[in-house]
Amino acid sequence: MEFEAVRISPGKYRGDALLVGLFQDGPEPALALAALDAAVAAVVLEVISEEEFKPKSRQKLTVRVGGDTGLRKVVLVGLGEQAKYKPESLRQCIGEGARTLKAIKATTAGVWVPPLGEGGEEATVEALVEAIRLALHEDRRFRSKKSDSEENGNSNNGGENKLTKVSLVVAGEGDYAAAVRRGNILAEGTIFARELVSAPANYVTSVTLAEQATAIAEANGLECEILEKEDCERLGMGAYLGVAQGTDLPPKFIHLTYKPAHSAPRKRIAIIGKGITFDSGGLSIKPAKGMELMKVDMGGAAAALGAAKVLGQLKPDIEVHFIVAATENMVSGHAIHPGDILTASNGKTIEVDNTDAEGRLTLADALVFSEKLGVDAIVDLATLTGACVVALGNDIAGLLTENEELARQIRAAGEASGEKFWQLPMEESYFEGMKSVVADMRNTGSREGGTITAALFLKQFVEKTPWVHLDIAGPVWTEKQKGYTNRGGTGFGVRTLVRFVLAQ
């Protein structure tokens, strides 16, 4: 799909369809649509009146125009109230509009919306490209029939996309090519993460995840180091390797590094993504119902690698390390037992109270490794606790840190990206419940406050570096199609990480 920004009057656009955004509390339709061709505007206004269309957020109306206007259809989409018009509200509304373009089988389309107040037309163009690319993404990798005609329309995202060219109507002068490029790159990184999360565990393993990381590095000029089991043993990564010993697949400790090519980095950041490619629970086995979704337990790794793919192309003057301790948590004669004691790479000992609290064990060694790199800040993302989903639901990630500046930066990047975070307290007294009689700590505490105790466990493996933990267990997957989000893996975290780094 090709995007272009065109400096023309919307009335001059010619193509299959024109997608037009209208405010709920904006000018009367006759005034708002005055820039359209007179014949087109007359037809559209008549249908608006007949249908009593009110442009509330994400409301849509399709009007057939035809004739000799050079335009087949006009698609109206409500943008809601002007005071709430921000990049994310625009993305959500245009995502719905893009689905309509797909449904009417448009091959060429124009898009005409009011510019955003912050960032102007360049920010508007970037948001439009993101929204349309993400809304129209469909994962057909595992279907025997790859086209909609072969499937007779049996699609999980409204049929096959015919759209090949999108013209974004702008009024002023700007670096719109750069904005289109940024929007495309952000969408591609998010789609990459979506597809990693959605793929089953017989396709995404520690081995294939390492192969994907290597490919990202080769394509984007990143350094790539894959530590094998023997390397991890030399580094004393007993917590990570304890989890990995239950699977027949080799552990792969992935370390990608992006470095600015032409200047010394202003900052150095480490991003850690939890990389459990399938979580059976180990000997503390999970119930069968819902276990098929445990393929998503590498959602943090997907976000980290998606961000690596994006930042490798945007090339900020920040050094970024992307770290994934990849393995799966399986049941076998080699798997760790409840009650086993593991020694992490910082020398601390852990009594394994529950083998299904394995992600924090792999993150422990990843955190120690990251801090030894001498970075200025560490961010970890993990589908870590069901407790976070109970507390915050499926749309909001948990944020835990003792560094308020890091919390502020993540929240700001999340708001700009349409990804929601809610800060939970690092209540130190809760760690009392994780103390062990036989080791330095247990890997679980009481049922209450499970997201907080998980973060307090991770804190034991960070000494001085500013660090923030993001529990993305809820928003990494969705069963709903809404705005620009489709059913399946969401790619949550990619765009927040990218904007967090770019804002340093």
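Glycine residues also receive a Cβ, built from the backbone N, Cα and C atoms like all the rest.
Remember, it's a predicted structure, so these values are computed and weren't measured experimentally.
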For the Mn(2+) 1 site that Swiss-Prot assigns to D356, E358, which of D279, D317, D395, D440 is also named?
-> D279
Besides K274, D279, E358, which of D297, D340 does Swiss-Prot list for that Mn(2+) 2 site?
-> D297
Ordered by sequence, the long-range same-chain Cβ contacts of K286 (active site) under 8 Å (at least 6 apart) are D279, S280, M294, D356
Do you know which of the recorded positions K274, R360 has the most other C-beta atoms within 10 angstroms of its C-beta?
-> K274
Would you list the other residues of this chain near Mn(2+) 2 - those whose C-beta lies within 8 angstroms of the C-beta centroid of K274, D279, D297, E358 - in sequence order?
-> G275, I276, M294, M298, N329, G359, T362, A382, T383
Note on Mn(2+) 1: the CB centroid of D279, D356, E358 has further same-chain residues inside 8 Å, namely V243, I276, S280, G281, G282, S284, K286, D297, N329, T355, A357, G359
Could you find out if DSSP has R360 (active site) as helix, strand or coil?
-> helix
